[in-house]
Every structure is written in structure tokens, then in C-alpha cells.
Amino acid sequence: MSSKNPVDEQPCCGSHEGSHQDPAPETLVVEKEVNNGEKKIRIAVVGCSHGEMDAIYETMTLIEQKNGYKFDLLICCGDYQAVRNYGDLPHMSIPPKYRSLQTFYKYYSGEQKAPVLTLFIGGNHEASGYLCELPNGGWVAPNIYYMGFANCIRFANLRIAGLSGIFSQGDFQFSHYERPSFSERDVKSAYHVRNVDMFRLRQLKSDNENKISNPIDIMLSHDWPGGIPDFGDKEWLFRKKDLFEADHNSGKLGNPSGMKLIYDCRPRYYLAAHLHIAFAALVPHKGSGSGRPQPTRFLSLDKPIPGRKFMQALELNVADDAKLELSYDPQWLAILRNTDLLTTGTKEQLILPDMASNRPCVYERKDFRPTAEELKEIEKLGDLTIRTDSFQQTAPPLKEITESSKNVPPSAYYRNPQSAEFCQWLGIRDLNQMLVEKTSEHVGTPYYMMTQDDANAKPNQDDVDFGDEDFVIDRGHTSDEPEAKKSRLDEDKFEAVPSE
């Protein structure tokens, strides 16, 4: 996409340096006029969150005050950093001197509540021990929902699909097996994308006769689909990030399976982060005239610091009676049932049905898109609304920052009641339980189950003081310890995603 194309939008917003400074204008993707029986909803999207939830919510409030509207949903595209207490910091793949508590712990403890429904995927800098409790997603705090390793859920009847983590070839074919305590390697592999997750997401594609629809409204990933710069102004991108060109040309920039996901699922919007630059692209789909699906509008956003383009507002049309709440997607639930045997919890390479291998797959079936009969079975589950009252604190909340609260051992791994309830309800394997049962070591009693005396007991002491230094950016996207990037994003405008 050339930056010379005309657009009707403003540049994406940066943060604010002080409480009295207005944010820069945000990009606003505006759909066609609302028809009878429709209403508009507004979704705020941010790139890497880096634990800066206070600043992100404050920026949203300023935008709302300036423009006279309210956001209905916030989407965060990874590096969310859901750190509950200082014990979670060793579970983050960040050098110890850069580990910082940030502000999520306030929302986990109940000191603050997210002012808007918040949805996020995982990146490569996460409190992985906590997220591993929720492989299929769940509430990490009141009003804040994690999508799990891969998921498709609905909001206002919009279908939102998400893929957590970043690509690494060495771990791509393995099942998910990591949980605390993490080895030095496992704390990195825990956030690596798995082929089984992408295989499940590809089953969201439409039936073979449907060539014109966009089955997914919004798709999220942390790193970029490999090859996406070819669909945008890549010359501009390579001027801004001079090391990206070599990675792109060698096929190392982003997830090499990402474009297949775009072509299979044809999302209307694809939102990403990770590379700390705002970049737009437009991916066309096959067809002509009225028989052609909408193109996929790709947008990656920056990190939340002053002057950087880290937030975008989407205006989307939905049905007048659409409920502004999260619900499970029937097709995704059926896919989880259909592919249940691919959940193993052990460190093994998975042979998927669409792979050529000398080893047999556990399934003879090749196509796991749900049949009409399988979807009827999902209907028997009843109401698919995601309950908002199922959150429970598994690790102790941090209620006061003291020296003793900093000097604690790494957090244990916990049985999460949300995972137990979801898997029992759907009738699928419970990866959280499988990981708990691997060994009794480093398995803790969930905080919500403890008596007050237990909760007030002094924890085992550790000599590590993690400190509160600001987080430094991740320095790459395809290796365990990537090299530093040389160039930085300046304040030029980028081309915004056009509307129809």
C-alpha cells in the first residue's frame, strides 16, 4: 500500500506526557453509514502494552473526553504483562535488571478495576506462569480477558480470533508442555507459537462453496505474518527499520505461516504489534466484483510511550440488538472438541492431519471444520455468554509494595478453576490439569482456597530484589536472544487503513 493513497483518517494516537496534555489525534476507521437495525461500536486497539495499563486507560479517557464518545472494548495485541506480584517476574523472558512490576497487579488485587472491557493475547514478554493456567483463555482480573494460546470469541456478534506468542521454528511442531518452574529455555519456549494452534485457527475458514465472505471480523497476533510488508509501503518501513529488509528477504521477519492464516480465514482486520512500529497494509483476496471478499486490512501498532503511535480506534457497525459482552464462538467450541486428541501436555512433536510424515496422526480425518451435526451438539450447551463472575485469584495479590513483598521466590503453578470449569463443560482435555499432574513440585494452593491465616503467612524469603526499572523493548522476533535493532520510529505519519 502506498502512502500516497488518499485516506480520510487521522494519524494514530500517542501517549501523553502529563495529566494535562491531550493525546495526539487517533486513527479512526469509519465504516459506511449505519443502516436501519444497526448501531456503531467503538473499539480501541493498542500494540504492545508492556504492563502500562494505567497509562493506556488514561489515554483512552482523554480521547473519550475530547471526542465525546465512549469505547466499548479495548484490544491489546500482546506483551500485556499480567504480573500479579513480584513472584511472577522470574517467569518473564526479560533480563532481571529490566523486570518491572508495572501496573496490572492493581487490577488483579482489586485495588482498581478496568474501566472498559479489555481483551488481550500473549506476546513474548509475559508472566507466562499465570497465562499457562489458562490455555483456553479466561479472566485474569475483573473485566480483563486473556484469549489463551489460540481462540475465537464474539463481542457484539463480531468474531474475534487471536493467536498468542511469536514464531520460533525449533518449537513450532511441539505441543504445549511448559509450566513453572521454568528452565532457562522453557521460559522462552513457553511463548512460542505452536502449529497445533494455527491448525485449529485455520479450521475457521468458510466452507468450500463460500468464496465471498469474511469468516473472521478481527484477527490478532503478536508478531507479524511473514511477507506482510509486500502489501504495504515496505520501502518506508525499511527506511525506518533498516534491519528489517534483510530479515524480510530471507523469510525471517514474522511468522511464515501467517499469510496462510490470512488467506484461509480472510479477516476484515488483522491487528498485530511486536516490532514497535506502526505499519499498515492491504491484502486482497481472490474473486471479482461482488463475488470478491473484502480485503484484509493489516495494522501493527507501536508501544505505549509518549509520541509513539500505539493506539487506534475502530468504528464498526453491528446489529442494533447486539450485546456488548463476550461469548464463546460455536464453531470454535466444535473445533476444540474435534481436535481434542491433539492436546497432550507432554514435550513431543505433534503430527497434524495436514502434515506429510512417516509417523501416523492420531486422526484419520483431515478436515476439522464442524459439520451441521457437530454444531447442533454445541447448541445443547445452552447460553454461550462468557460469565463475568468466574475470576478467582490463584496467586496471592500484592496489596502493598514492601521489601518483603519484593523478596519472594518465583510463583508456583496453580490449578485454575476457570480452566477446570470450561473443559468439563465442553467435555475436552484439561491442559491446566495435565500440567499440574506432571509433578507435584512447584504446584501451589490457590489463594482463593486458603484460609486467612494461610494467606497472611510469611512467604519463603529469597535474596533476589527485582527492582522497578522501566522495561526495555524486546530486541527481535525470531530467536531466543535477538540482536538489537538499530533504527527507531520517528514521528512521521503512516498511512492509515482505508475503509470501504
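Using N, Cα and C of the backbone, Cβ positions are placed for all residues, glycine too.
Among the candidates HIS192, HIS248, HIS276, the one that Swiss-Prot lists alongside CYS48, HIS50 as binding divalent metal cation 1 is HIS276. Swiss-Prot lists ASN124, HIS222, HIS274 as binding divalent metal cation 2, and of ASP79, ASP171, ASP320 the one it places in that same site is ASP79. As stated in Swiss-Prot, the feature region 'Lariat recognition loop' covers range 164-194 out of the listed 164-194, 288-318, 350-380.
Listed by sequence, the residues of this chain that lie at least six past the ends of the region 'Lariat recognition loop' (164-194) yet keep a Cβ under 8 A from its Cβ atoms are 78, 90-93, 121-126, 128-129, 131-132, 135, 147-150, 222-223, 226, 254-258, 274, 342-350, 410-413, 431, 435-436, 438, 441-442, 477-480. Figure note: comparing Cβ neighbours within 10 Å for the binding-site residues HIS50, HIS222, HIS274, HIS276, the maximum is reached by HIS222.
For ASP79 (divalent metal cation 2 binding site), the Cβ neighbour count at a 10 Å cut-off comes to 29, with all displayed protein chains included.
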